[in-house]
Structures are given as structure tokens and as C-alpha cells.
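Now, the feature entries from TrEMBL:
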TRANSMEM  12-30  transmembrane segment
TRANSMEM  42-61  transmembrane segment
TRANSMEM  91-115  transmembrane segment
TRANSMEM  144-162  transmembrane segment
TRANSMEM  174-194  transmembrane segment
TRANSMEM  214-237  transmembrane segment
TRANSMEM  249-273  transmembrane segment
TRANSMEM  309-330  transmembrane segment
TRANSMEM  351-370  transmembrane segment
TRANSMEM  376-401  transmembrane segment
TRANSMEM  422-443  transmembrane segment
Amino acid sequence: MTQTRDSFHSRIGFVLAAAGSAIGLGNIWGFPTNAANNGGGAFLFVYLVVTLLLALPALYAEVYIGNQAQKNPVSALGDACKNFSERLGRYGGVIGLCGAIMMLSFYTIVAGWMLSHALSAISQLIGLTDLSTWLATSSTERNLIFTPIFILLGAAIIHQGVNKGIEKWSTRLMPILLLMLFGLIIYILQQPGAIEGLKVYLIPDFTQITNPELVISAMGQAFFSLSIGVGGMMVYGSYMQKDKDLGKLVLSITALDTGIAFLAGLLIIPALFVAQHAGQQVFQDNQLVGEGQLIFHILPELFASMGSIGLVVATGFFLLLSIAALTSTISSTEVPVAYLVEDKNVSRRKATWLVSAVVLFFSMLLIAFFDVLFGAFIRVLTTILQPLSCLFYFIVVGWLWHRGNKLRDKSLQHGRKYLVMWGNYLRFVCPVLLTVVFVNVAILN
Ligand code: PFF
């Protein structure tokens, strides 16, 4: 099976695909929404701390397990736990796999909103005003149409395989998104009310940073944003040749992802304050009005205020967001697909359609019971399942793998002292830190 495995052609291909997985709606929708709901600067501060102390090491552990095993997450974790209990490892992998399906079932709904907003701008451009309004207004019908379209798009790419599908798509479009973000930030900062938003975003209220709700949201957001705890990064790690310098790659992915989230905040939070300044009700009791969907009203208004070029910008922006969502969807879908192909001998094509059908089922369920299930899925995934999986990865890497000797492997550390310290940090500090946060979640829930 190993000889027939597809793989990334280069380290840069891996970094870009992994960054493509990490950079998505979590950065541009999730991060600013969470930051706006949790005091702006305080959230940003805690987010950066959690990313550095926990999410980055967890990403390392996840990629490392996959890279060493060169297998799908279920088998990779099974291998890593072999000396202790292979079955336990495989169960860990299956839990991640369920997380990936859970993620896909709400993510594809939000991604569908992006597509419909892009089409709304296009229809406005060509004069189909009624259609444009319909596309920009949230409704169950709209979800019922655009979620399946998005799932189909993802399936179409993923069944082509790793480098023709994933690597090619992930490497091309991110620079354009970045440029667009910069342009929009410059524009928004010149609008009345924006500077107030900038202050809220950049100046932390330190009395807030110990608020457990805030810490939990920041942790969930950081794990979600880096795509960790569901096996997506593990499976990408497995598609790269075994590498001794994983640290550098993981650092680049984290820097790219965090940079984009920071920039998105720099755009969206001032945009919210601009809208508030113009008389809209944006906040109520320090919370965003309208369940996080508000951003999708504020952004089109921002584009409309730009005059005739606004529609072109809107089209480009929402199309790029759809693509960013697609590259994230692909990595999540790859987790169950790789498992079915490698462990169950299902063809890639069949596996892709099977997984897409399961995702379609769950997303339809979420649409049918949107008010009850949508927020609950996000919360359970990001604040329970992902942190728990990451805790498991730390324990596997630090304690179970070769009875904990894996990280002390001399060939791995090639004599560098800081790598010994890094190993000890993963072994001793990370599991404790994560447990402390996790116990807080349990108490709060
Ligand atoms: N990191 C993605 C985002 O921020 O939008 C979401 C994600 C992708 C989570 C892939 C998990 C995953 F496996």
C-alpha cells in the first residue's frame, strides 16, 4: 500500500496545502466574530498566547505522528500506540475522523453562504436585482441549494488525488486573498467610526483576559483555525516525505494562519464599528447581534459604499473566501477518505462520494434544526472534541510511543539542545496546560 500512496511533491507544497487547510472561514468569519463577542483586544491577546503555548505544539504533534507513520490517521495513531494498545490509538483516530465529519457538516453550510454572496454580487453586476437580493438574504431554501453545491465542488477536487487536486489548488490563490485583505483594510480605516473599532481590537482590556469564557473561546478558535484535532493535518503530514525539520514547517503554517486571522480582524472589527457609526445596531450587551451572521450583512454594505467598483470587489472577495473554504474542506474530507482507501480498500472515487453523502446527510440535519444544532456542533467540536484529541496526541507523542522514547530519539534531535527542551515541553507542560483549560470547560458547561 505504501508504494501506491500519493504525496506532496515538495516541502513548500506541503506548507501551502496545510496553510490552505488552516486558512479558511475560521480566520475570516470565526476569528473576528469571536473577537467582537469577547472584547476585541483581550481576545486577540489570549488567542495569541494560546496559539503559541498550545495550538502550535499540538500542530507539531499531529503532523509528526502522520509524517512518521506515512499512513492515514487511524492507522498512524494505531502504529504510534502499538507498544501500549493499538486499539486505543485507532479509536483516537476514529474520534478525529468523526470530528472531521462534524466540522464538514456545519462548515459546508457557511461556505455555501460565501458562494451565494459571490453570486449575489455577480447578479447585481448584470442587473438581476431580485435574484441578487434573494441570494444575499439568509433562508433555509438558500442553504438547501448552496450547501450541496459546495459539497459537490469539494468532492470533485478531492477525488482527483493529492497533487493534481489538493496541491495545485492550494498553492495558487492565497496570495490574492492576502492582497485583497490589505486593500480592504486600507479602505475601511478611512471610514468614520473605524478608528474606534481599531482601538477596541488592538488595545486589550486586561481585566477580561482571565474570563474563562474568553479563554475557552480563544482556545477553540485557535484549534479550529489551525485545523488540529481532527486528523486533517496528520493526513497531510503523512503525504510528505519523512522530515527532520518539521518544526520550521509547522511554524510557517502557524505564522501564515495567525497572520491572516489578525488581518481579518483588522478589517472586520473596524467595519462593524463603521456600520454602528452609520446607525446600525451591531452590538447588544457587548455581543454581536444575529448569531455571527451579521458579518455577511456588514461586508456587502461595506462593498456597496465603495461605489461601482464595490460589486467587483465583493465578487472577488466572496469567491476567494469560497476557495479558502474549499481548501479547508478538502483536508477534512481527506481524513475519512484516506482511511477508507487505505484500510478498507475502497476506491478513492467511491470513498469520496460516500463521505460526501454522509456529510450531506448531517448538513441537511443541521439545516433542518438550525437553531438547535448549528451552534451546538461548533461548540462541541471546538471546545471539547478538538482539545481532547490534541491532549491525546500529546500523550501519544510524549508517553505512549515507544513508551515515550520517541521524542528522545537521538536521530530526531540531531544533537540540538532546544529540541530536547521542545520534547520535554510537549511531554510535560502541554498535557497539563491543556487539562487545566479543559477542566475549566467542563465546569463551565
Ligand atoms: N482551519 C479551518 C478554518 O479556519 O477555516 C477549518 C478546519 C479545516 C478545521 C480543516 C479542521 C480541519 F480539519
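Even glycines carry a Cβ here, placed using N, Cα and C.
Counting Cβ pairs under 8 Å to the transmembrane segment (174-194), the top-ranked stretch among 12-30, 144-162, 214-237, 422-443 is 12-30. Taking every recorded stretch in 91-115, 144-162, 249-273 and counting its Cβ pairs under 8 Å to the transmembrane segment (214-237), the highest total belongs to 91-115.
Under the criterion of 3 or more C-beta pairs below 8 Å, with sequence separation of 6 or more, the transmembrane segment (144-162) and the transmembrane segment (309-330) qualify as touching.
Spatially, the transmembrane segment (42-61) is adjacent to the transmembrane segment (422-443); three or more Cβ-Cβ distances between them are under 8 Å for residues at least 6 apart in sequence.
Across 12-30, 351-370, 376-401, the stretch most heavily in contact with the transmembrane segment (309-330), judged by Cβ pairs under 8 Å, is 12-30.
Packing against the transmembrane segment (12-30) from elsewhere in the chain are residues 63, 107, 110-111, 114, 163, 166-167, 169-171, 174, 177, 221, 224-227, 232-233, 236-237, 239-240, 249, 252-253, 256-257, 260-261, 264, 268, 292, 295, 321, 324-325, 327-332: each is 6 or more residues past its ends and has a CB under 8 Å from a CB in it. Here the transmembrane segment (351-370) has long-range neighbours at 101-102, 104-106, 108-109, 140, 143-144, 147-148, 151-152, 154-155, 158-159, 333, 336-337, 340-341, 377, meaning same-chain residues at least 6 beyond its ends whose C-beta is under 8 angstroms from one of its own.
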